[in-house]
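A.B. asks: Before I ask anything, here is the structure I am working with.
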Amino acid sequence: MASSVGNVADSTGLAELAHREYQAGDFEAAERHCMQLWRQEPDNTGVLLLLSSIHFQCRRLDRSAHFSTLAIKQNPLLAEAYSNLGNVYKERGQLQEAIEHYRHALRLKPDFIDGYINLAAALVAAGDMEGAVQAYVSALQYNPDLYCVRSDLGNLLKALGRLEEAKACYLKAIETQPNFAVAWSNLGCVFNAQGEIWLAIHHFEKAVTLDPNFLDAYINLGNVLKEARIFDRAVAAYLRALSLSPNHAVVHGNLACVYYEQGLIDLAIDTYRRAIELQPHFPDAYCNLANALKEKGSVAEAEDCYNTALRLCPTHADSLNNLANIKREQGNIEEAVRLYRKALEVFPEFAAAHSNLASVLQQQGKLQEALMHYKEAIRISPTFADAYSNMGNTLKEMQDVQGALQCYTRAIQINPAFADAHSNLASIHKDSGNIPEAIASYRTALKLKPDFPDAYCNLAHCLQIVCDWTDYDERMKKLVSIVAEQLEKNRLPSVHPHHSMLYPLSHGFRKAIAERHGNLCLDKINVLHKPPYEHPKDLKLSDGRLRVGYVSSDFGNHPTSHLMQSIPGMHNPDKFEVFCYALSPDDGTNFRVKVMAEANHFIDLSQIPCNGKAADRIHQDGIHILVNMNGYTKGARNELFALRPAPIQAMWLGYPGTSGALFMDYIITDQETSPAEVAEQYSEKLAYMPHTFFIGDHANMFPHLKKKAVIDFKSNGHIYDNRIVLNGIDLKAFLDSLPDVKIVKMKCPDGGDNADTTNTALNMPVIPMNTIAEAVIEMINRGQIQITINGFSISNGLATTQINNKAATGEEVPRTIIVTTRSQYGLPEDAIVYCNFNQLYKIDPSTLQMGANILKRVPNSVLWLLRFPAVGEPNIQQYAQNMGLPQNRIIFSPVAPKEEHVRRGQLADVCLDTPLCNGHTTGMDVLWAGTPMVTMPGETLASRVAASQLTCLGCLELIAKSRQEYEDIAVKLGTDLEYLKKIRGKVWKQRISSPLFNTKQYTMELERLYLQMWEHYAAGNKPDHMIKPVEVTESA
């Protein structure tokens, strides 16, 4: 604030002396000499103005006003006196009076520069920014070379956000006075605000070069270097500032922040403590000290520091947010939410708090509200990469894959070194089947952040999917060690429960992984504060019927529906009332239509996204037994089961493992799949089906495969049943229309050990190689879709989608006679064809080695695999060549529509099951095609399903107890053709006569198990193992 001291004329030099003393700050001496002069010249207004200014500087406002008033009395037109009086009013907070006096001074003296400067300051204090700008502009109109005033105008424009105008002011000030360090520093601030970091650094460095003692410029330089993450130079700038002002607490705090970013946590902690020592009421320093303590693992002390910061400043938003983070990590979700909301109440534009709150809301299943807060975070901070990445996670959970992809991509554009975003993007690629892209993104994430368990374990799974076994053993060891450490520290393991079966983990680890995911569901439902449901103790309200609820996201075109779609309609309506709860929208397929039509009640819970309300609906339906068909597969909503809307809850069919969850009572399984001696692997009680827990609806979906005919393909005197095969509903009528059809009897053993096979021969229709057979073969060779023979439509087995797409998907039964040949798939006519139609991730190095050993022992044999995925093919071929197999010994085919997939299984001689994780649905598919399957049960549920299927089928001779026995069984089938024919005949016969595909008998056995569960519960008992199943027959 400029005081006007006037001009004092005194021949004695007394006035000149008083002026020098005033300028030097020696106000006491200046006042003494002014008073002496005033007594000599009472009418000297210059002396009065100087006295007014002296008293103002000494904060003696009343005396200052007194002398200004005396000067005005002496000269009412004295502008300087009015300006000095305005200064007094401004200092007292009487802004309007101050402004009026400044304006009066300017009316008296329009070129009064100090008057404009003082008026500008008062207008700023009064909030009239535009008026202040005009005051500075007026001053500069009278003297354009006032570089300090122009710099002050620049500061005001900068504060108003008018950065370009501010920049012009600073540049003009520098042009006027190139060595004006303040303008260089202020210009650096503008460039920093505009994101021009390097220009900002340049201008701050120029400022300190011009003025090596310019404290603020060193602080600004340190700040911008810190933001640019040029930490060594930032440290140097802050240390220089501290050499100028050793007790500057804020600089100590900023320097500590740089040490923290450099990972020098102990040094950061010491420096924060020094800042607090210098300024005990420094909430920012307490908050940042807490951050460093938390990083070091001193969580309790960190929590104390956050609380201290909040005691000093209850509205300290950063401390509220960071304390909320601690509460969240401690599992105190409600307190975390309260603190996040408080932080936003204090500071609504707090982007990080919006993002953190959104993350917790997402964890609670409140996805729409989470999405809203992520959008707010991004609105406030458009370059908030974390918010984009986390919003992508929410959109992914909401099944908006494209939206998630865009979010992750934007996060990476903002911050190319953002490892989490690369990992999240990889997961989108992985879920979309773009495995090479996923692998590349996971590897980028790990380069950026080598200690990144989620990225490592997901990369391991991707490499498993494409059979990339580089450093396989080391990878498995590291993966196991990661899981061990995470379980020890009570963290959510990076291996998903559904993938745990693929790795050499202990049973305890697999169960613990599932348990952690089950606990996540409990965390989500705890926030709902729903009181426990009251459950029925009897069947009175349901007219004596047991109400069973099947919950699945797979009621549609999905392998689970292919297996069980007939069961809801086969329940005894007198004893059971069936509810099907869909977790996914209608996909428009006949699979969905069938379940909807045949269940007593079909409820689409995908339209009730709130888990609490969905569970209420299930409870209102009075369900007695609620069946979980998803486990931890895609689309699951285990939170519904965590709320326990039914008294009995059971796992069944859709998930090959334990839930690890206390809210699941039973797992429906069988003695072969889950032997009683390994019951500790399961959190649930074992509930045994009498034969196998697995079932397939193949007899209903593919009845045209119950019979087949072959075209006479002779080699070495044998008639082969799988070179050129015809199937169809009207097959018998078609064969009756043909001349010379032969019936060849194929001997096969029965389901037991009966050596007399004469009574179990199967009749195989054989069409001789005549003009009709040649027409069929020509259709195949020429790639025709369909021909007509004797009024029957004969179709190319590769063209089912072109003839009837619903038949191709298995939704309808094909109405034509379908021809399937080895030549269609490039399979050798005269070779033994081993097959496996599983996804390639189920093959591990030891499995491929067994396959290679078998092929080497069986001359003229091949292994038929699927491009599932296609990118796995070159890896398998390369490893096979390394094992000594020529490339032509392994043949790949594309994945086919469901009906073709099942039907073409007839062309193989033997299926080699994958011991790591069996073919479950694919096992049923290949057995329905009549092809024997060799398996070797392991220790996990997923590795024992095929043995269960074969046991039910009565084909124990195909179950190996060791790798050597597995190879020997496969080799015998490939070298002893008579034995192969017998086993193929047995499988062909047993698939019809055994319980394996008998859905009606299976449903009755399942009902018996449900009644056991209910009777046990109704008697007041807790769930217990049910390992002595009651067998029923179809006539029962």
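Each Cβ is built from the backbone N, Cα and C atoms, and glycine gets one as well.
A quick note: this is a predicted structure, and the numbers were derived from the prediction, not measured.
Swiss-Prot feature annotations, pasted as is:
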{"type": "REPEAT", "residues": "11-44", "note": "repeat 'TPR 1'"}
{"type": "REPEAT", "residues": "79-112", "note": "repeat 'TPR 2'"}
{"type": "REPEAT", "residues": "113-146", "note": "repeat 'TPR 3'"}
{"type": "REPEAT", "residues": "147-180", "note": "repeat 'TPR 4'"}
{"type": "REPEAT", "residues": "181-214", "note": "repeat 'TPR 5'"}
{"type": "REPEAT", "residues": "215-248", "note": "repeat 'TPR 6'"}
{"type": "REPEAT", "residues": "249-282", "note": "repeat 'TPR 7'"}
{"type": "REPEAT", "residues": "283-316", "note": "repeat 'TPR 8'"}
{"type": "REPEAT", "residues": "317-350", "note": "repeat 'TPR 9'"}
{"type": "REPEAT", "residues": "351-384", "note": "repeat 'TPR 10'"}
{"type": "REPEAT", "residues": "385-418", "note": "repeat 'TPR 11'"}
{"type": "REPEAT", "residues": "419-452", "note": "repeat 'TPR 12'"}
{"type": "MOD_RES", "residues": "Thr444", "note": "phosphothreonine"}
{"type": "MOTIF", "residues": "478-493", "note": "motif 'Nuclear localization signal'"}
{"type": "MOD_RES", "residues": "Tyr979", "note": "phosphotyrosine"}
A.B. asks: With every protein chain in view, what's the tally of Cβ atoms within 10 Å of the Cβ of the residue listed as 'phosphothreonine', excluding that atom itself?
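C.D. replies: Cβ-Cβ neighbours of the residue listed as 'phosphothreonine' within 10 Å number 20.
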A.B. asks: Do any residues of this chain, six or more beyond the ends of the repeat 'TPR 1' (11-44), have a C-beta under 8 angstroms from a C-beta of it, and if so which?
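C.D. replies: Distal contacts: 5, 50-51, 53-55, 57-58, 74.
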A.B. asks: Take every residue in the repeat 'TPR 11' (385-418), average their pLDDT values, and give the whole-number result.
C.D. replies: 96
A.B. asks: Go ahead and report the DSSP secondary structure tallies for the repeat 'TPR 2' (79-112): helix first, then strand, then coil.
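C.D. replies: Across the repeat 'TPR 2' (79-112), the residues distribute as 28 helix, 0 strand, 6 coil.
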A.B. asks: Near the residue listed as 'phosphotyrosine', which residues of its own chain have a C-beta under 8 A away, given they sit six or more steps off in sequence?
C.D. replies: Lys972, Leu973
A.B. asks: Cβ under 8 Å, sequence separation of at least 6 from the ends of the repeat 'TPR 4' (147-180): give me the contacting residues as numbers and ranges.
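C.D. replies: That would be 113, 117, 120, 124, 129, 132-133, 136-137, 139-140, 186-187, 189-191, 193-194, 210.
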A.B. asks: Same chain, outside the repeat 'TPR 11' (385-418) by at least 6, Cβ under 8 Å from its Cβ: which residues?
C.D. replies: 351-352, 354-355, 358-359, 362, 367, 370-371, 374-375, 377-378, 424-425, 427-428, 431-432, 448
A.B. asks: With DSSP helix as H/G/I and strand as E/B, how many residues of the repeat 'TPR 9' (317-350) fall in helix, strand and coil?
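C.D. replies: Its residues fall into 27 helix, 0 strand, 7 coil.
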A.B. asks: Would you identify the secondary structure of Tyr979 (phosphotyrosine) according to DSSP, in three states?
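C.D. replies: Its secondary structure by DSSP: helix.
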